[in-house]
Amino acid sequence: MQKINSDAPVCDLGFNEKHEAIQPEALKIASKSRRRSSAASTCSFSSVLLSSSLLLEFVVACFTGSSDEDDISPREKRQCNSRGYTDFCVKNVINHHAFGRREIEIAEQEMPGIITLRRRAADDKPLKNAKIVGCTHINAQTAVLIETLVKLGASVRWAACNIYSTQNAVAAALAEVNVPIFAWRGETEEDFWWCLDNCVNADGWQPNMILDDGGDATHLMWKKYPELFKGIKGIVEESITGVHRLYHMSKTGKLSVPAINVNDSVTKMKFDNFYSIRESILDSLKRATDILFGGKQVVVCGYGDVGKGCAKGLRAQGCIVYVTEIDPICALQASMDGFRVVKLNEVIRNVDIVVTATGNKHVVTREHMDRLKHGCIVCNMGHSNSEIDIVILEDGFLYNIKNSLHTPELSWERVRSQVDHIFWPDGKMMVLLAEGRLVNLSCSTIPSFVVSVTASAQALALIELYNAVPGRYKSDVYLLPKKMDEYVSSLHLPTFDAHLTELTDEQAKYLGLNKAGPFKPNYYRY
């Protein structure tokens, strides 16, 4: 396994991305009122027969974000599934689980790799006695991964990494089959940490593995439950934000367990971070705003794999796309791909859509937004919620709020689930999607097939760390071995009826390769 040596300066991302601080009461009330949203991002009714009244209730909750149950926090309700199981906290297990099960079944049809891995390894139970704390998006695709880990022998407890991306029906379906899951769409920040804490700190259950998306589960255990953290055998992290945090912990001597960086594995970086984004940016913008793309001017902040997917997807729909970049290599790539590389200030007055994809903070500031044209759409495709300056928090405290969007002279109007119109005193209006959080998982769905690639890599990484002999991995950050990346890819090739060419003995000798791979050196950039 390749160890990552990162000599680049480590940005202090801290561990407060989920805003642990206590917000001012007026802001807290406004925030809670805006966070009532849908029960699922998408629903399928074709094969589920329910009474007309129940169907109507679910449609209202699913698509309008308004139902009577929204007034009651799941934390205040005592629920049990049809088997009498109660170790979970979701929106409505009884009414929603059938729809969620159908969503999971639909996802399984488009996730051949993880299903094949499940079938091949089910008898061996490579995760027997593994106790995994998961903190990821809760959607149909993640549910397929969760149920795969259970079939491979693991015991799991799961929370959402994003307060807006949970599909309530899917969470209900998992609760119905006795998965301890604590998540619902529209959680408050306090709810978020409560859910995660209930996953980590459970009676008679001590975690030994972490599957993280953003680093919050890792941070909570390290900070609040150091004794439990010492019992962790390994961490698998899939986001750029979480990976930055792991590097920071490693460099400061705080990382006491091995971790695998799935985000920078080939199968995550070149597939999920590009192909999934290329399609889901269009889906989320269209669903949220009904916009016509042709002729619109768009600026994409960042031209990494996510930015590349956004820029190329939008240009294919007829948009005029600008790119901002700090990296001269990425800027040269954008230029040679036919995009004009600019500073944000140069185009901010004229663009119709602003998309952030950097993983950084304060990319779009209040100063930028003051200069936007009327009706401009602003959204984020980077992992963190800090790219658009809505409310700045530093070390758990509100910071520079006078420059954020939560100031008295601006008025907010919720017009759709996850769509806010923000009005300036002169009448100018800006459209903000998902309050600056990940727009594709908050306002739409993502392609199941590409998630299958990432899920397969995550499952293999967990298996690798859990079964590693003592001493194989030090307390550091590692990449997946190239051989595993190739195996993940091979799991998905039969879907396309793709047939690999095999090297002859003479060819393998000439290239200095094993006929079974790996076929590229670790330094090869695909």
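Cβ from N, Cα, C; glycine included.
Because TrEMBL annotations are produced automatically, they should be read as predictions rather than curated entries.
Among the features that TrEMBL reports, NAD(+) binding site is placed at G304, D305, V306, G307, K308, G309, E325, N440.
Per TrEMBL, the feature domain 'S-adenosyl-L-homocysteine hydrolase NAD binding' maps to 273-446.
E325 (NAD(+) binding site) has a Cβ environment of 23 other Cβ atoms inside 10 Å.
Taken as a whole, the domain 'S-adenosyl-L-homocysteine hydrolase NAD binding' (273-446) shows an average pLDDT of 91 in this prediction.
Its own atom aside, the Cβ of G309 (NAD(+) binding site) has 23 Cβ atoms within 10 angstroms in the protein chains shown.
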